[in-house]
Every structure is written in C-alpha cells, then in structure tokens.
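K.L.:
First the structure, then my questions, so here it is.
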Amino acid sequence: MAYRTLTSFLLVCVSYSLCQGRIDPPETDWDKLATDSLNKALKQTYNTNLAKNIILFIGDGMGVSTVTAARIYKGQKQGHPGEETILKFEEFPHVALSKTYGNDRQVPDSAQTATALMSGYKTNFYIVGFNDKVTEGNCSAETEENKLKSILHHFNDAGRSTGVVTTARLTHATPASSYANSANRDWEYDAILRETNVAGNCKDIAYQLVYDNSYIQVAMGGGRTRFLPNTTTDTEDGSKGKRTDGLNLVSEWQKKQNEKGRRNQYVTNKLEFERIDPATTDSVLGLFESSHMQYEVDRNKANDGEPSLEEMTEKAIKILKKNTKGFFLLVEGGRIDHGHHDNTAKRALEEVLTFENAVRKAIKLTNQEETLIIVTADHSHVFSIGGYPYRGNDILGLANPLLYEPSLDKLPYTTISYGNGPGMNYTIVGRENITGVDTTSDNYVQQSAVPVASESHGGEDVPIFAMGPMSHLIHGVQEQHYVGHVMQFAACVGKYSNNCDRKVTNPHSASSANEIQFSFLRMIIYGILGVIHSMCLF
C-alpha cells in the first residue's frame, strides 16, 4: 500500500514538472507603475454633464474572481504571464462594489438582480419587474401598483431610443427585466403558464416585448421558439415553436413597426444581419437561435451563422444614436453565466473576452462627454482561483499540488475550481485523478466540491465600472439597486426628471482643483466687496 502511494505521488510530481514548468517573472518597475497610477488619480476630473446616452453592460455571473481569471486568460492568450493584463473596462475611472443579495435571498437569481439594476428597487427571487409585494408565481399580485418601471421605460417616456442586445434568449431573466413585468421569470411564452396551471390573465414575457413594448427599436438575441406558434418548424434546427395561442409574434412585431411607420427588419442569421444598413433602418428584431445563442468558442461565423456580441452592439448603437435626444442600450453577456453553471470555465472566460470586445466597440462609437457607460454583473458564482501556482502558470492548468499546500489525496488539481456543480466526479476510491487530462480544452468540466446538476450563483459583491457623465457617483460599496438610481439621475429621467438644473458647459468643472480655485476666487471677491461696503459706510 505504501509502495503504491509513493508511486502515485512520484507520478504526480513527474507529470506536474513536465506540464507546469516555472517561468521567470518579467522585470517590472513597480515604483513607476504605482507613480503613474497615482498621477493619473491626481489629474482625475469629474464629468457632470447630463447623460444623453446610457449603455449598461451586464456580464451575467461576472464576479470578481471571473474578472481576475479572464484578465489572466486574456494575457496568456497574447503570450504574456497574464496577471498584469488589464481588461478594457478595468481602465474606467470609477469603480465600486455592488451588494447583490435580494429582498428575500442571501444569494440571488438573475431576475431579482437585473430588476434591481434596471428599476432601482430590490425585489424577490424569480421576480421580473415587480416590487417585493409580488412572490414567485403569484399571478394575482401582478397589479399596476406593484409594477416597476425600468430605466428603459424612463428613456422611452423622455422620447429617447431604446435597445436590448444579449447572447441569451431575449426573454431570459436579465433582458426581460429591462422591459417586462412577470411574477415568474420562466413565463417566457404562453404555453408554460398553461402547463403549470397558472390562474389569472398574466401575460408571458415574449408577448409583452411585442405588444406592450413595441417602442423598443433594437432587440437582438436568441429564443425564436418563444415567439413562434407550435405549428411552425424552425428552419435552422428543426425545432417546433412553443406558442399554443396561435400567435406568430414575429409577424405581430412587424405589423407593430409598420404601424409606427418604421423601416424595420427581422433577421435570423449573420448574412441578413450584415445587410442591415443603420442609416435606412429604424428598428430590428434579431432572433439568431431557437434558444440561447452559441458560445463564442462554438459560434458559426459563416453567413448562415450568427453575429458576435460586439457586432450586435455596434449595429445597435449605430441605429439608436440617430435619435438626437439620446438612447439607452442594455448589452448582456449572458453566456458567461451558463459556462459557470456547467463548470466549464474556459467557455465562461471566452465569453468575458467577447463581452470586453463589445465594451471596447461601444467606447469607440460614442462620445464619453455625453454617454455614461456602466459595466457590472448581476451576481457572482462559486468560482475560485487557488493552489499557489507560479506566476504565469496556465490559468486553466494544474496548480502546484505538491508545493506549499499539497492535496491530502496526493492527486493533482486545477487552479480553477467550483464550490458546487456537475464537476464533482468521485470514484469508489476517491477523487478523480486528472493526471494527463487536458484541462485547457473547450469542454473540460472543472472539479467541484458539492455535486449539483447546475452550479449555483455566488453571494459575494460584484464590481461596477463606470465612465462618462456622472460616473463618479459609482463609488464605495453600494446596494445593487443604487445603480438604477445613478442612471436615472445621470440622464435626468424617472424619479429625477425634475432635477435637470445641473447642466454645465465644462464637463470637468467638478474637480477638486477647480473647487479650490473657485473658493480662492470667491474669497477675493468677498474681500473686495467687504472693502467697498466699509468705504460706503464710512
């Protein structure tokens, strides 16, 4: 027994030394790095303009550990150690932490967190666009007084354009929270209400998008089957539509847009998407998959495939920015979350990088003096990075299992792991031995501690990154619904629609240096006035 244990131990040592060679860290001028950051902070000024446009990027499930792993992964793909790499949104001048717990849950779901972000109000588990008086599945509580208005609704009320772009289904929890009101996030189409014997006249989410929110000019993502009757067959994958009410919501959407006099297009693949001319198009409905869009690592980039999140973001901005009053756009990286739920870390990290590309494109296409861009997550995941790996160690590879903190079972483990999920694979003799396993493959399932079919969300705070008008309001540690209030205030809509007397011509007038200069000038003026006043009295 002792001999077998020693042999196993030595085999792990050999396999690790062959695969995980130590590299010399690059030389870094740490002093200069810190000084440059310090000088940048000292020169920072505030943009107090009204936000004509707002783009809210939600990386679904993109917690702090995911951001860290993604930056390392990005750097290593570029041939660097990785730890020193910076994601584009990490360069934003203002950063905060968001407390994601829901009104009734310590660890939340995407419906209640997205509702908090969109409406500025924390609500209950599985609830879309209603306050905390509504509980999961309670159709009778879907009253007007319990409805919440989202930032998208407020922008429409102000005569500004609106759009939603996602790699998930358009009717999924996060995008739905921008336009719909539902006592259950799963009520994406009518049949599901009938199948679950829901009493009442609650409307499904796809129906609400087309009939109640037809003003939305750009809606792109997946989920075709939620919009089509069960008598139709999807031309791409042969799946049947899911609607049992006989409605073809795609046709209904086209009718609604025609009634509004809008030049509209319905597209289902990359070729049709690329033919959209933003200059001659007023509204777009893009449904590129029967369910969720493909992971980036699987995406078909041919004409019969689908556009990337970056491409959809670009097209949406070019259409929406034609409105001189401004626009609101929600962009969701929805499949980051799905990669984590399946314990497939590489897929999740690839989704973060395509999400980053979309952020970069948005910055390029907009004017930061009038466009507030916020990047955040709705929640985190039980996703961790550990094991004391050397600098530059493959973030998807093995940790240093025999150095500093060896595993008690003498088996190798990866730097990345999950607290729970489908990755727990114990044999009769113990944990799975992953010696020789390619842990960097697209489909590798990371090991987890607790076996569950779908890995759960995490309850820790998530980051918020912001740039543009009033982005300095993103600071400190905040309740998640605070973001909704910042957006309303910055754009002078909703609750803060009467607070519009703060327009300034100098977008950087709120810097501390300017405040000091103004105070000094005011002191001189008051002094002169005092002398004049004294002379008059004398």
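Cβ from N, Cα, C; glycine included.
Sharing the feature lines straight out of TrEMBL:
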- Ser110: active site, phosphoserine intermediate (ACT_SITE)
- Asp60, Asp337, His341, Asp378, His379, His457: Zn(2+) binding site (BINDING)
- Asp60, His172, Thr174, Glu332: Mg(2+) binding site (BINDING)
- 1-21: signal peptide (SIGNAL)
K.L.:
Using the Cβ centroid of Asp60, Asp337, His341, Asp378, His379, His457 as the reference point for the Zn(2+) site, which residues of the same chain not in that list have Cβ within 8 Å?
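P.N.:
Near the Zn(2+) site, beyond Asp60, Asp337, His341, Asp378, His379, His457, sit Gly61, Asp109, Ser110, Thr113, Ile336, His340, Ala377, Ser380, His381.
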K.L.:
Measuring CA to CA, name the entry from the recorded positions Ser110, His172, Thr174, Glu332 that ends up nearest His457 (Zn(2+) binding site).
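P.N.:
The smallest Cα gap between His457 (Zn(2+) binding site) and any of the recorded positions is with Ser110.
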K.L.:
Can you give me the same-chain residues 6 or more apart in sequence from Glu332 (Mg(2+) binding site) with a CB-CB distance under 8 Å?
P.N.:
Phe57, Ile58, Gly59, Asp60, Val164, Val165, Thr166, Thr167, Ala168, Thr174, Pro175, Gly221
K.L.:
What does DSSP call Asp60 (Zn(2+) binding site) in the simple three-state scheme?
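P.N.:
In three-state terms, Asp60 (Zn(2+) binding site) counts as coil.
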K.L.:
Looking only at C-alpha atoms, tell me how far His379 (Zn(2+) binding site) is from His172 (Mg(2+) binding site), rounded to the nearest Å.
P.N.:
15
K.L.:
Could you tally the C-beta atoms, other than its own, that fall within 10 angstroms of the C-beta of Ser110 (active site, phosphoserine intermediate)?
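P.N.:
Within a 10 Å radius of the Cβ of Ser110 (active site, phosphoserine intermediate) lie 27 other Cβ atoms.
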K.L.:
Find the shortest Cα-Cα separation between Ser110 (active site, phosphoserine intermediate) and the binding-site residues His172, Asp337, His341, Asp378, and name the residue that gives it.
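P.N.:
So, spelling it out, the nearest of the binding-site residues is Asp378.
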K.L.:
Given His341 (Zn(2+) binding site) and His172 (Mg(2+) binding site), what distance in Å do their CA atoms have, once rounded to a whole number?
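P.N.:
If we compare the Cα positions of His341 (Zn(2+) binding site) and His172 (Mg(2+) binding site), the gap is 15 Å.
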K.L.:
Between the binding-site residues His379, His457, where is the Cβ count within 10 Å the lowest?
P.N.:
His457
K.L.:
Is it possible to get the count of other C-beta atoms within 10 angstroms of the C-beta of Asp60 (Zn(2+) binding site)?
P.N.:
31
K.L.:
Give the number of CB atoms, excluding that of Asp337 (Zn(2+) binding site) itself, located within 10 Å of its CB.
P.N.:
30
K.L.:
So of His172, His341, which of the binding-site residues has the fewest other Cβ atoms within 10 Å around its own Cβ?
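P.N.:
With the binding-site residues His172, His341, fewest surrounding Cβ atoms within 10 Å: His341.
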